[in-house]
Amino acid sequence: MQVVLGTLLASLVPVVGFNAVMTSEHFASFLVFIVIHVVALAYYIKGILSPKMFKVAVTLVLAVGLVVCSAVIAVLIAMVASSPTKGWSGRSLSLLDPTYASKYIPIIASVSEHQPPTWPSYFMDINVLAFLVPAGIIACFLPLSDASSFMVLYIVTSVYFSGVMVRLMLVLAPAACIMSGIALSEAFDVFTRSIKCQLPGVSQNSQIDVGDSTSGSVVTQDEVVKTDKTEDSLKERPSKKNKKKERERERENVEKASIKTPIQKRLLVLPLESSVIALLLLVLLGAFYVVHCVWAAAEAYSAPSIVLTSRSHDGLHVFDDFREAYAWLSHNTEVDDKVASWWDYGYQTTAMANRTVIVDNNTWNNTHIATVGTAMSSPEKAAWEIFQSLDVKYVLVVFGGVVGYPSDDINKFLWMVRIGGGVFPHIKEPDYLRDGQYRIDSQATPTMLNCLMYKLSYYRFVETDGKGFDRVRGTEIGKKHFKLTHFEEVFTTHHWMVRIFKLKPPKNRIRGKTKKSKSKASSTTSSKRSGKSPWQ
Amino acid sequence: MREIRLDLLLLSLALLFAPAFSDLLLSKVDRRIDLTSHVVRITSTLKVENAGTDPVSEVLLAFPDTQAKNIAYLTASTIEGKGKTKSSSVSLPIQVVHPDGMPPSLTWHSVSLLKGLSKGESLTLDVLAVFTHTLRPFPEKITQAEIQRVAFQESAYYLSPYVVKVQSLTVKHSGQFESYTKLENSRASGSEIKYGPYENLPSFSFSPIVIHLVNNQPFAVAQELVREIEISHWGNVQVTEHYNLIHGGAHITGEFSRLDYQARPHVRGASAFRNLVAKLPPRAHSIYYRDEIGNISTSNLWGDSTKKLLEIEPRYPMFGGWRTSFTIGYGLPLQDFLFQSRGIRFLNITFGCPINEVVIENLIVKVVLPEGSRDISVSVPFAVKQWEETKISHLDMVGRPVVVLEKTNVVPEHNQHFQVNYKFNNLSLLREPLMLISGFFLLFVACVIYVHSDLTISKSSTAYLAKLQWDEVQATVQQVLNIINRCLTIHGKLEASLRDLSRTGDVQACKSARKSADSSLKELSKELRPVLILLQSSSQAVQILPKVEELVAKERELQEKLMLKHSTVVDCYEKKSGGREVENRVASIQQKITALRQEVDDLLEIIDEI
C-alpha cells in the first residue's frame, strides 16, 4: 500500500513525474512488491479452495501465468534494451559506474562533492572509525547471524558508494558508526572479562573455589578408593554399588565440566596488566575521537563556507567578501535586476542579495547552465549578446587570485567550458587547453585569454602588484593590460573575491549617448559658467 | 540652480516693496554659518532695540519658504543678566505664526520674550537654526575620483522685517572652496568667507549669495530609523536601532574600482565614508551590530567610564547614492534610566540616534513598557507625532503598551532627553514566572490524574473485565513470587547454619535454626495455598499457571532436598562422623539442590518476564 501511495505522491512532483515507474532503478522494489502480493494471493486462494481444486487452480494459473509473465518480461526487456542507458538515469548510473559522469554528464562531475574521495578525507570525516570498521567486520563474522551478515552487506555497499563520490560519505557514516560500535563492544567485552576473572576479590573466591574443588576431588577420590576397597572386601549389595558407581561417574562428569568451563574461559583471558592498559587506551581513543568530532563539527561542518577566516600572527582575519557583495547587490541595484553568475552562487544570490538569478544550485535545467557557461567562455562581444538576450544586468564572478582563495571561478572554468560545450558545440574544450594543460599564464591559448571569465576576473588585476601574479595558480597572468568594452566594473569587494560587472547598454544607444553626453557636458559647463557669472 | 536663482530674484523683488513691520530695530546682527558638515547651522546674535513707544513682547524671525521647509531645529535664547555676570541663557518659546500683510513665500516664527521690551530697552537674542538638505551637491553626479562639491545659497543681508543697523555674516567651511558670490565688503580668508559689515539696511533687504565649496564630510542620511526601547523591570533596558542609511551626497557615476579605492582611499574615494561612530552610554552591554544576512564583523568598541564608542563600518564603503541597512542593539542597566517618584516611574533617555552627524529623515521611537503599565504620559522637549500601540511578546496576555513617537528631520541637536511616565505595580513582575510555574504544575497534575484515573467508558465490556482479571492474576503471581523468594531466603539461612556448623560444630544452634526455618516454611506454605487456589480459579491465569505450579513444585522439592541435606549433615555431626563421610553423603544431594536451584531461578525469570 505504501509503495503505491508513495509512488503516486512522488509522481505528483513535476521533476519526478513518471520517472518513478519508468526508470530501471525502481524495478527491484516493484518486483519485490509484486512477488509479495502474488504469494499473499496464493495463500488466500489456498484458504478458500479445497486442496483438490487448489491443485487444479495452480496448474491453470501456472500455465497461463507463465505465458503472460514471459510476454511481459519480453516486452520489458525490449523496452529496457531499447534505451541507451538500459533505462537507468544518469545520476544512478554515475553511482554504479564511477567513470560514467565524467564521460557523459559534466554537470554532475563538476560538483566537487561528486568527486571520488581521497584517503585524507576518510580520515577527516570518520577518523578512528576507519580503523575500527575492519575490526567490526571481523567481529561480525565470529558468529555469523542474520543480523551481522546484514551489517556486513551494509558496510560493504556503503563503503563502495562512498568511494564513488565524497558526498556519499553520509551513507558510510552510520554504517561505520555501527561497525565500530560492534568492534569496540567486543573489545571491551574481552578486556573487562579478563579483568573480572583476575580482580583480587573475585580471583580469591575463584581460587578458593578451585582449591575446594581440588581438595574435594582429592577427598572424593580417596573416598572412592576407600569405598571401592570396602565394596571389594564386602562385596555386598551390587545394586547399591552400581548406583554408587553411577553416582561417581556423574560426580566426575560434573566436576570435569566444572573444571573445563573455567579452563575454556581461561583461554580468552589476557594478562591483567595488558588488558587494563588496553582498556585505558580504548577509552583514550574514544576521548580523542570525541575531541576530533567536536573540532570537525565546529571547524569543518558548521563553519560557514561563506565567511572565510585565516589565522595570522596578528590574530584572526575575516574574509567576509561574499556577504559584502550580496549586501551591495541587495541595496544598490534595482529590485528586478537580474544577476548572472556560475550556478554555485545562485541560491546565495537569491537569498542574500534578493535578486533574480539566471541559474542556481537546482541544476535540473542543464541548457540554462550551459548557456551561462557558454557566455562565460565566449569572447566579450558574444557573451554580452547572450547576457543581453537573457535580460541580465549584472555579472558576478568570484576571483581568488588576490588572496589565494582556490575555489574561484577560474578554477571552475573548465567545467563551464565542458557544460557549455555539451549543449553548444562551438565551445570546444581543447581551445582552452595548451597541450592538454589548463593554464592562464603567457602560454595560455588566445581563446582562453579572450574569454569573458578571464577578462572579468583579471580586469585591472595587473595594477595591484605591477606583475599580475595570481596567488592561486602561482603564475603571472598571460594577458595583463586590457580594457572592457561591453562591461563596466561596478563593485569589487575588499579582498577582490567577488567582482560585479554591469552590462553596458546596447551599442546603437551608446553612439547616441556619447553624443548626448558630449552635449550634456557642454551644456553643464555652459550652465555652470552662465550660472556662475552673475554671482561673481 | 538656475531655477533657484530665479526664485531668489523674485523673492528679493517682492521683498523690496514690503513695509517696515514694527517699531523694533536690530541694532546689531552677527551671523555665523557653519558649513563644515552636511548639516547647516546658522547662529545669529541679534541685538534687539525698541525704538517705538509701546512695549513689545515678541520678535519675529523670517525665513524664505525654500529654507523653511528644511529647518530641523530652531531655538532662541537670551542672556540673562548684564555685564560680566551674563551667564545663564534662557531659551524662549518659539511658534509659527502667520502675520497679515506680509510678503508671500516667507515663513514666520515668533519668539515670545519673557517680559515685554519697553521703550528704549535692548536685548540680545541668540538664534540657532539648523537646516538639513540645504547643501546641494553640485555637480550632482561625480565619478569615484572626484571630490564632492556642494553649493549653498543664502542672503548676504539678514532677512528681517526690522531695520538692521549694523550686520555681518561669517561663513565657516572646511577650507577649500570653488567660488563665492562677490559683493562689496566680501572677502575670503582661510576657512572663512566674510560679508559685511553692512550698515543701515531697510527691512526685508535681500541679496542672494551662492557659495560653491568642497565638502567631503560623510553625508550620512538615515531615511528611516526605528529605535525600540524595551523596558524590563528585571533590570534591563534593551535598545534596538534599525537604520536605513544612504549617502546623501553627490551620486557616484561610472565605474567603482576597488583598486583605485584601495591605492589612494583619500583621493579616489574622498567623498565616500568608511565608518560611523556611535556614542553609547558608558554602561551599555551586549552590543551587537548586524544586518539581515548576519553579523557584520567590521566593528570596534572602546570606551572609558564616561562613554562607550562603537565604531561601525558598513559592509562596503559608502559612496554617493549607495544605501545600506543595519541594526545595532545594546542593553543598558535599568537603574541608570528609570527613576521613581511618588509611585510614578519615569524613563529618562535620549531621543535621537547615538551616531554623530547623521541626519534622520524619519525617526520613530518606540518605547515598549512592561505589560500592566498604566497612566502613560510622555514629555518631549519638541513637537512630535505620538500614538500608542501594543506589542505581544513572550508570555504576554494582553500585550505590552508601546508609546510611539515619530519625528521627521532629526539632527544631532535633537539628542535630548525625553521622559515617559507610567505606573507599574511591582507585583506584576511576578506574573510571568508564576504563570510558568503554574503551567508546569498543571501539566504535572494532569499527568498524575491521567495515570491514576480509569478512563474506561464501559465498565462491563469483556476487554475491561479481562484487563481487571489480568491485573488480579498479576498481583497473585507477584504474591506467589514473594512467597517463593521468602522461602529461598530461608533456604539461604539453613545453608548458613550448616556452614556455621562446619565451622563451630555447634549442633544445637543448627537444630534451632532448623526448627525456626521449619515453622516459617510451614507458615509460608499455608500462605501459598489460598493464593494458588485463587490463581487456579482465574481464567486469565491459564497461560501462566503451569509455570507457577511447576515453580511451586520445584521449590517444594528443593525444600525437601535441603531438609534432607540438613538433617544428614546434622546427623553426621551428631554421630561425630568424619568430614569425608559427610561430604560423601551430602554430595549427591548437593548436586540435586544446585540443579533444582538453577531450575527455580530460571522459572522465576520466566514468570517475571510474563
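Backbone N, Cα and C define each Cβ position, glycine as well.
When Cβ-Cβ distances below 8 Å are used as the criterion, the transmembrane segment (A:27-45) is approached by residues 3, 21, 54, 57, 87 of the same chain, each at least six residues removed from its ends. What TrEMBL lists as transmembrane segment is A:27-45 (among others).
Per TrEMBL, the feature transmembrane segment maps to A:57-81 (among others).
Positions annotated as transmembrane segment by TrEMBL: A:126-144 (among others). With a cut-off of 8 Å between Cβ atoms, the residues of this chain six or more beyond the transmembrane segment (A:126-144) that come close are 151-152, 155, 159, 169, 172-173, 176-184, 186-187, 285, 288-289, 292-293, 296.
If you look up TrEMBL, you'll see A:151-184 (among others) marked as transmembrane segment.
Per TrEMBL, the feature region 'Disordered' maps to A:208-256 (among others).
The compositional bias 'Basic and acidic residues' annotation in TrEMBL covers A:223-256.
Feature annotation from TrEMBL assigns transmembrane segment to A:276-298 (among others).
Annotated domain 'STT3/PglB/AglB core' per TrEMBL: A:336-395, in sequence order. Per-residue pLDDT, averaged over the domain 'STT3/PglB/AglB core' (A:336-395), rounds to 92.
Sequence annotations record features per position, and here TrEMBL assigns region 'Disordered' to A:507-536 (among others).
In the domain 'STT3/PglB/AglB core' (A:336-395), the DSSP tally of helix, strand and coil residues is 33 helix, 8 strand, 19 coil.
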